[in-house]
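To start, the structure itself, in structure tokens.
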């Protein structure tokens with residue numbers, strides 16, 4: 001139970017626009033302290049504001065030494081990340097902690 | 001909104017872009033070298049290409065792409081837009097319009113013409129000037145002095161820019177994506193720092209970077225230093241900025257154009273890198289194929305929900321939709337461009353399809369920028385106009401019954417009614433204004449006709465348009481195109497002489513056709529003047545005698561002879577040409593103009609040209625009329641036709657011949673026309689002294705005094721088509737419903753005047769209306 005309570009999977013919305021950045025930001029603030037697994041397989045469009053939130057969240061999780069991983073990623077999201085110069089590494093909390 | 005509706009909006013948008021394109025090219029043709037004009041032309045083609053791609057209209061995309069590439073050479077000063085170049089461009093604009101129509105209606109296009117022009121455009125892009133062999137469609141008898149000798153741009157090596165760049169031949173084998181830039185292209189370092197406003201206004205840095213990546217080969221470094229901790233982060237703020245290197249042939253200008261619509265909301269720095277200079281930062285290469293991101297329109301809060309609603313639909317289908325989506329992105333940038341050009345929200349609203357995404361964003365921007373417009377279905381406007389028409393009639397009925405029951409006219413109801421009348425009138429004017437459109441689109445179509453007919457006949461002709469922003473009811477505009485086309489063809493085919501003949505007469509070998517529009521006393525006057533040979537009156541007269549239109553001894557003024565060309569079946573062309581039709585002649589034109597409640601006349605001066613003058617009502621919905629009584633019937637005479645009214649005295653009436661009567665008005669005589677007799681309302685002529693004379697001016701027929709029994713008053717009436725509701729009645733233009741609910745006929749003044757001229761022109765009355 002405890003483990004279940006402490007881990008959460010977040011499925012990212014298909015459209016990661018400016019509105020979604022606020023939603024996502026709040027969701028991460030609420031999920032602080034939990035291990036997070038992101039499912040980005042359904043992302044069709046992604047904007048920079050959401051990517052900023054995701055990078056900031058990855059850094060926060062890294063600082064918290066919690067896991068922050070991505071299980072699946074859509075091609076569109078992957079290409080958008082390359083386009084804006086964001087590595088997939090930026091979205092993962094490093095395990096070294 | 002379903003796909004077809006969106007597509008229809010795209011085609012409407014195309015029409016506007018085509019008009020923009022043509023007017024820009026014509027400006028260039030007139031020597032305008034304003035870079036903004038070139039940009040506007042380029043953007044028009046680019047917008048069409050983008051939208052067409054979204055709908056998979058490949059032919060349109062392919063052609064627009066080639067056209068756009070050549071225009072880009074003009075834009076970057078690699079190609080001098082001289083008259084020869086512009087000739088090809090204007091023809092390309094025509095083909096683009098044809099392809100658009102073909103895509104819209106499934107009509108066929110002249111493929112060989114399209115192919116020929118693609119070759120010509122490609123040659124231009126390579127820096128080769130058009131030549132007779134390379135341009136199969138160029139008029140055979142091109143006058144020597146028609147155009148200045150081609151500037152020797154082609155002979156010179158292509159100019160180089162500061163960075164030593166020389167234009168290289170393009171290949172057009174693959175229209176789908178921008179070709180990868182060859183290694184020889186210069187490299188630029190672009191620093192892009194968005195401000196938070198960028199996102200707030202619905203722009204998206206990822207899209208700008210995507211467009212930047214499309215210019216060539218790109219690597220990018222994202223600077224995340226400004227990103228605060230999660231809890232301090234404002235999700236709508238801009239924290240990331242980028243340094244990108246782009247290897248591209250488009251130059252700094254091409255790079256800056258990507259950010260053109262976001263320049264106020266970001267900082268951009270572009271600098272050229274030396275050949276071996278490496279970027280100092282760790283760069284991530286950007287993949288070439290970004291098609292999958294093309295559905296990624298600039299997103300705003302407004303369209304957020306909408307997109308989520310639709311998500312279920314295209315989630316599964318995403319891969320299959322990719323090609324469509326690819327072009328959609330172009331549409332997005334097209335929408336951005338269009339919005340910036342027209343500065344109205346209309347462009348955004350019209351952005352096609354995919355563009356649904358970008359549209360909302362642009363709507364925001366554009367709406368903030370300037371006057372707002374909306375697209376409204378014409379049916380809705382017409383319904384409103386009809387209702388207002390009914391309101392006018394109802395108000396008139398109400399007024400009448402109040403007047404009947406309140407003889408002294410002082411009651412408060414009566415005064416209130418006057419205010420209502422005023423208000424109704426204002427509402428009506430405002431509603432009519434909704435339908436008012438500038439004549440520009442029709443005039444622009446005419447320049448194409450002139451070009452094509454001039455080409456076919458080997459003449460060199462310049463079309464000058466004036467007053468193209470003059471507004472008139474949309475119905476009038478729609479119905480004006482056909483008669484105007486016919487007249488323009490006639491003017492070019494028959495009116496203007498061949499360059500040789502013109503030179504022999506000491507005229508400029510280039511003929512001029514002048515098309516102008518202006519408002520005059522509540523009507524629109526459209527004039528079409530040519531500086532050709534004018535009407536050969538002897539030939540017209542002989543032809544009229546041969547066709548039994550007039551008797552051999554008929555005594556006609558020059559003006560009356562000129563007007564014979566409007567008689568049915570009259571054609572002076574010795575040979576039937578494909579251009580001006582098969583001798584259907586000007587009677588059809590006259591009929592079309594009359595059907596619009598208009599009049600047409602001609603003034604011609606031998607050797608100096610002819611001028612057709614069309615006078616049309618500004619609207620087909622209402623009319624200011626004088627309500628009169630004739631033989632117990634109530635008729636409405638359009639106020640615009642009436643010069644003055646007078647009460648004839650016995651001493652001023654003179655008999656002339658067996659049945660003609662004249663009235664003397666201030667020392668001149670004017671034929672008196674008994675309307676009741678002409679319309680067969682009565683068997684014998686009425687006594688003029690007992691009635692009222694309305695002095696009217698008819699087009700081409702001088703003044704006549706129309707005799708009516710009495711004047712009831714003057715009022716605005718709502719026009720109801722007689723043809724649509726009953727059938728055509730000679731001498732009657734339309735009908736209306738009066739305040740007492742009775743139907744009154746609206747007199748066709750010209751037809752009545754023509755009929756009064758006597759037997760010889762009697763058939764004209766059958767044409768009226």
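Placed from the backbone N, Cα and C atoms, the Cβ positions cover glycine too.
Here is what TrEMBL says about this protein:
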COMPBIAS  B:302-318  compositional bias 'Basic and acidic residues'
DOMAIN    B:1-103  domain 'HPt'
DOMAIN    B:418-620  domain 'Histidine kinase'
DOMAIN    B:622-758  domain 'CheW-like'
MOD_RES   B:46  phosphohistidine
REGION    B:302-325  region 'Disordered'
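Around residue B:46 (phosphohistidine), a 10 Å sphere centred on its CB holds 23 further CB atoms from the protein chains shown. On the 0 to 100 pLDDT scale, the model's mean across the domain 'Histidine kinase' (B:418-620) is 82.
Under DSSP, residue B:46 (phosphohistidine) is assigned to a helix (H, G or I) in the three-state scheme. Each residue in the domain 'HPt' (B:1-103) gets a DSSP state, and the totals come to 86 helix, 0 strand, 17 coil.
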